[in-house]
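> Quick one: structure below, then a few questions.
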Amino acid sequence: MSAVSTFKSSSSSSATFATTETEHRIQATQFNNMGGRGRSRTQRKHFSQNRENVWKRSKSDASAIDTPADNNNNAGKSHWEPFKTQNPAFDDYYKEQGIVSSEEWDTFNKFLRTPLPAAFRINSSSQFYKDILFRLENDFMKSLPAEDTDGNAVNAIEVLPWYPDHLAWQSYYSRNQLRKNQALEQFHEFLKLENDIGNITRQEAVSMVPPLFLDVRPDHFVLDMCAAPGSKTFQLLEMIYKLTEPGTLPTGMIIANDLDVQRCNLLIHQTKRMCTANLIVTNHEAQNFPSCHLHKNGENINGPALRQLQFDRVLCDVPCSGDGTLRKAPDMWKKWNAGMGNGLFGLQVQIAMRGLALLKVGGRMVYSTCSMNPLENEAVVAELLRRCKGTIELVDVSTELPQLARRPGIKTWKVRDKGLWLTSYKDVRRNRQAAATPGMFPSGKLYDEISEPDQETANGQTCENSNGTDENGGELIDDSVAPTSNVEAEVSDLPLERCMRIVPHDQNSGAFFIAVFQKLLPLPAPTPVQRKGTRGESQKQLNGVKEDKNGDDVDVSGEMDVQMSEAAAAASLVDTGICEIPSDADQNKNLVETGTLETPLDADQKKIKQQDEKQENKTSDDKVDTKTVPDKKRKLQMQGRWRGVDPVIFYKDETVVSKIMDFYGIKESFPIKGHLISRNEETSHVKRIYYVSNSVKEALELNLLGGQQLKIAAVGLKMFERQTSKEGTSAPCLFRISSEGLPLILPHITKQILYASPIDFKHLLQYKSIKFPDFVDPSLREKASELILGCCVVILRTGWVQSGSGEDAMPIAIGCWRGRTNVSVMVNANDCQELLERVSALRSDEASEPVADAVPIQESTDDVTISEANGSDGTVMAPETL
């Protein structure tokens with residue numbers, strides 16, 4: 001069982017949708033560990049369950065309900081109350097850890113108890129990012145009312161100076177103020193609209209920092225291990241798309257993973273705004289993310305060029321206690337306790353080790369948390385360095401982003417366990433060794449590594465015996481009482497000062513921790529030796545059983561003892577893929593492959609594994625397509641392995657593809673064949689066809705040949721959609737171009753294109769459907785009537801300039817439907833509104849044409865309706881289930 005099992009509610013048997021990002025991750029881990037895999041299909045309703053960032057209690061909060069008002073037991077009226085931002089345990093803990101000096105403690109506390117300023121980032125790959133930047137600098141910065149800070153007026157919005165190219169901004173108004181202040185209504189609506197479309201992303205400022213230190217380039221393979229809700233993934237996508245020409249795709253890709261299915265929905269919704277063909281969303285435990293390689297058993301498979309899934313960059317933003325987010329989630333004050341960080345330490349180490357194993361030699365991994373606790377930060381980093389034994393390096397990035405206010409990592413800390421302050425592992429009481437492990441301390445030393453005098457001192461001061469007294473006959477210290485001795489804490493000899501801490505009062509932000517690793521060599525191979533016990537451990541304890549005070553056996557196999565001896569730990573890591581085996585380590589490799597080093601799985605994992613094996617062995621002519629591999633003659637399942645998840649099928653209906661290419665005049669230079677996929681096994685019933693980049697295509701081929709190790713929740717860019725209306729089914733081409741796929745395919749189509757003047761383009765966006773005679777431009781009337789029935793693309797005619805952009809701006813285009821008598825727009829409401837505002841602000845000679853010259857427009861109802869043609873009513877859609 002995971003270390004986060006201490007957070008499990010005793011009255012619930014399944015994970016609930018939590019109210020904070022941290023709770024999402026914690027409860028998602030619980031859900032998986034409890035064997036909860038029943039609701040693996042994505043649900044649309046989950047999109048509406050996002051957390052509101054408010055400083056008020058919910059009306060449904062029972063604690064906010066008044067007591068009965070009279071003797072007749074009439075319930076009092078519910079009311080709103082501010083959260084209490086006090087927690088003595090929090091103050092005591094961080095004062096002792098020395099996160100900030102005593103002189104700045106009051107300032108630190110003051111910032112923690114004030115709302116967090118709103119921040120957002122402009123999408124640099126957006127078609128209109130220069131226009132948005134121009135409007136922020138020349139409109140909102142001047143028109144928004146100034147915000148008073150300690151009596152001093154400051155700009156309402158400002159650029160974050162450390163973020164490149166002025167793409168990140170911070171408002172001194174909190175999110176709650178933006179919603180409530182009428183003077184800010186226009187700015188708030190601007191933020192909402194642009195965020196929904198994908199032109200900007202509303203994200204906490206410090207959350208933008210970790211991806212910047214990854215140094216991502218367009219050709220990199222990137223893994224985001226704990227990706228939901230997706231803000232950092234979106235940021236990584238922006239990086240690989242940087243400098244990409246219109247109509248082309250970067251050669252790299254991103255795999256965004258999250259454990260919880262519901263959080264995967266949020267991740268898919270967030271990244272869907274990017275309209276990318278270079279993303280795969282997966283649903284796995286981060287610590288057990290599949291390696292997905294073809295040469296595991298020495299097989300010689302003739303397959304794709306990609307033989308193993310390894311990454312140039314890994315973002316390891318692990319689940320944490322989240323106390324760095326107190327400014328935006330003040331409800332955490334009453335929930336915080338010191339044990340939260342202790343319980344997550346083991347899981348964080350496992351996830352980070354798995355990320356390092358998947359990282360290519362020479363690659364870079366960023367480990368980050370939104371916690372201030374050194375047990376989740378420096379302690380994890382130190383443990384990684386010790387386990388990897390010189391194969392990784394903690395990179396000094398102090399010269400990067402010089403304008404970012406940050407502090408070096410600390411080298412000394414203490415462990416708080418059951419009310420006791422522990423300075424060394426020798427102080428850990430025998431019955432707490434599974435909870436407070438050596439790796440949590442700065443030195444990371446086991447008992448047998450501590451000097452003999454120290455052991456004697458430890459035994460005399462802290463160890464229990466059967467009489468409940470120490471060797472001098474004195475009464476043992478109770479767990480709830482802090483020790484009276486003032487022993488200096490250990491100091492780590494590792495270069496932990498290369499880590500960085502961001503604290504709230506340095507730049508009016510949240511708190512964050514970041515460490516950057518570079519992989520120098522393959523991770524060390526394990527040594528198959530038997531585990532040795534620590535002080536007082538019996539063989540029963542090593543097997544997951546210990547004795548209680550009455551001598552009865554107690555099962556403690558569910559407790560996470562992450563600090564096993566190195567040999568046993570390495571054996572476990574090899575079995576799960578966390579450790580790598582160098583190619584010349586044949587002996588150890590054989591041990592692993594023959595099962596000698598295999599670590600026993602718990603009951604739930606065994607059950608799941610057996611179910612998967614049974615499902616793989618089933619043969620069905622209707623649902624399972626198999627392929628025989630040379631040499632081994634082993635049948636590999638090609639689709640449908642994961643229960644509740646639609647399979648990924650390469651779309652190979654040549655007749656349909658040929659009709660699509662001919663109808664739209666798609667150039668042969670555009671790589672379309674072999675890049676189309678669907679999520680439906682029955683070709684005749686495919687409703688949506690997705691397009692994937694070459695890198696994603698290779699990863700999918702590798703995954704299919706490897707037995708579908710990846711549980712894929714979403715992949716590819718929706719390029720074509722089947723028409724379902726009566727008129728649509730009679731068109732020569734049954735598939736229309738999707739709004740998401742239009743920007744990519746637009747430079748490569750030569751047919752079904754119309755060029756409209758700004759006045760006609762605005763009319764289309766405003767009225768949604770226009771009859772041919774109602775177009776202002778006579779040439780447009782003629783060309784529209786000559787088009788073939790079906791989908792068409794209307795492009796805004798050149799001769800205009802975006803605000804703040806150059807003459808070479810990418811053309812504005814929308815997908816439409818050429819009906820029998822009219823042209824109808826197939827764009828959702830938000831996109832129409834945004835485009836209408838931009839076209840209305842165009843600076844061109846044509847834009848000055850008076851609307852009065854236009855022929856009166858009548859909305860058409862005898863043609864295909866917008867909802868039928870578009871298949872969308874503007875609501876957020878979950879991943880398609882076909």
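Heads up, the Cβ atoms here are built off N, Cα and C, so glycines get one too.
Automatic, uncurated: that is what TrEMBL annotation is.
Per TrEMBL, region 'Disordered' is recorded for 1-82, 453-485, 526-556, 596-635. Marked as compositional bias 'Low complexity' by TrEMBL: 1-20. Per TrEMBL, the feature compositional bias 'Basic residues' maps to 38-48. The S-adenosyl-L-methionine binding site annotation in TrEMBL covers Cys226, Ala227, Ala228, Pro229, Gly230, Ser231, Lys232, Asp258, Asp317. According to TrEMBL, the active site, nucleophile annotation covers Cys370. What TrEMBL lists as compositional bias 'Polar residues' is 456-470.
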> Between the Cα atoms of Lys232 (S-adenosyl-L-methionine binding site) and Cys370 (active site, nucleophile), find the distance and write it as a whole number of Å.
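Answer for this pair: 13 Å between alpha carbons.
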> Work through the recorded positions one by one (Cys226, Ala228, Cys370) and point out the residue whose CB has the fewest other CB atoms within 10 angstroms.
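Sparsest of the recorded positions Cys226, Ala228, Cys370 by Cβ contacts within 10 Å: Cys226.
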> Give the distance between the Cα atoms of Ala228 (S-adenosyl-L-methionine binding site) and the residue listed as 'active site, nucleophile', rounded to the nearest whole Å.
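Computed Cα spacing between Ala228 (S-adenosyl-L-methionine binding site) and the residue listed as 'active site, nucleophile' is 14 Å.
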> What does the structure give for the C-alpha distance between Cys226 (S-adenosyl-L-methionine binding site) and Cys370 (active site, nucleophile)? Integer Å is fine.
13
> Please report the Cα separation of Asp317 (S-adenosyl-L-methionine binding site) and Cys370 (active site, nucleophile) in Å, rounded to an integer.
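About 8 Å separate the Cα atoms of these two residues.
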> Identify all same-chain residues not among Cys226, Ala227, Ala228, Pro229, Gly230, Ser231, Lys232, Asp258, Asp317 whose C-beta atom falls within 8 angstroms of the centroid of the S-adenosyl-L-methionine site's C-beta atoms; report them in sequence order.
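Apart from Cys226, Ala227, Ala228, Pro229, Gly230, Ser231, Lys232, Asp258, Asp317, the close residues are Asp224, Thr233, Ala256, Arg263, Leu267, Gln270.
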> Gly230 (S-adenosyl-L-methionine binding site) to Cys370 (active site, nucleophile): how many Å between their Cα atoms?
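Here the two Cα atoms are 15 Å apart.
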> Rounded to a whole number, what is the top Cα to Cα distance in Å among the residues the record ties to S-adenosyl-L-methionine, namely Cys226, Ala227, Ala228, Pro229, Gly230, Ser231, Lys232, Asp258, Asp317?
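In whole numbers, the farthest two Cα atoms are 13 Å apart.
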